[in-house]
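Okay, handing you the structure first.
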Amino acid sequence: SDSGSDSEDSSLSDSELQEAFAKGALKPGLNVVLEERPKQRNDTDGLKQCLAEFRQQLAWVERLDVTLGPVADPVSQNASTSDAVDPENDFQREMSFYRQAQAAVLEALPRLRKLQVPTRRPDDYFAEMAKSDQQMQKIRQKLKSKQEAMERSEKAKQLRAMRKYGKKVQVEVLQRRQKEKKNMLNAVKKYQKGLTDKLDFLDEEQTSSQGNKKGSASQRTKKGPNAKRRYKNQKFGFGGKKKGSKWNTKESFNDVSSFQAKVAHNKGPGKGGRGGKGGKKALNKRPGKRARQKMKNRAR
């Protein structure tokens with residue numbers, strides 16, 4: 001019931017406001033009075049006057065106006081009309097603008113050449129710069145400093161690369177020298193052990209010296225050891241380890257191909273038999289001078 005009375009009071013108040021608004025009793029405030037829009041009219045005389053002002057009897061070279069449709073599409077060989085262009089398609093719309101501008105250029109360039117109007121900028125063309133000379137000088141200095149910095153960095157890179165290459169070459173030279181030294185020491189060891197009778201590095205030095213002094217017999221050296229060295233090698237061996245050289249190994253122990261029964265049982269020549277060198281003759285052999293002297297000293 002209360003809600004119904006409120007709605008009736010509100011409706012009555014709205015109707016009273018509308019009546020007061022119709023009588024003009026309400027002042028402008030929250031309620032804004034909208035005026036009617038002026039009716040549009042077609043001012044033909046004014047439009048013609050404006051058009052007459054635009055039209056001036058000037059030569060075409062002063063106006064440079066060209067009105068043409070779009071140029072024909074080279075793919076479809078058809079001129080795209082404005083009706084065929086979809087305004088919602090951005091690519092198609094821009095292509096129509098491009099082809100229309102292209103058709104205007106193809107039409108205007110021959111006419112300009114016919115009127116002997118140059119269409120290319122000359123080589124000595126001078127145009128006033130938008131920036132001052134001081135500003136351009138600052139830009140030149142900045143570009144120059146940037147270029148110098150780039151050149152310095154490039155030189156630094158080249159120097160680093162050269163240093164790396166120099167270190168690499170130095171390491172290679174040291175490695176080659178160490179390898180040559182190792183080969184020389186190995187060759188000397190082999191020569192001392194008697195595994196070889198010549199030294200290659202000495203031969204190279206001799207050949208180089210012979211190349212420098214050809215025909216000199218005194219510079220010529222014999223290859224290999226001399227006669228004295230060969231005799232000592234034959235008598236005492238070629239050096240190296242002698243202790244344990246006659247020890248048996250697993251292979252020599254299992255190898256019985258050189259076994260001789262007569263020699264093993266002292267039946268061979270020179271092993272104490274009757275016909276051998278170590279028989280009675282060996283027992284009856286006279287002692288030496290040093291042994292006789294020892295015997296005399298013991299007897300005293």
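Placed from the backbone N, Cα and C atoms, the Cβ positions cover glycine too.
Unlike curated records, TrEMBL annotations are generated automatically.
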In TrEMBL, which of 142-163, 164-185 is tagged region 'Disordered'?
142-163
Just give the helix, strand and coil counts over the region 'Disordered' (142-163), going by DSSP.
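Its residues divide into 22 helix, 0 strand, 0 coil.
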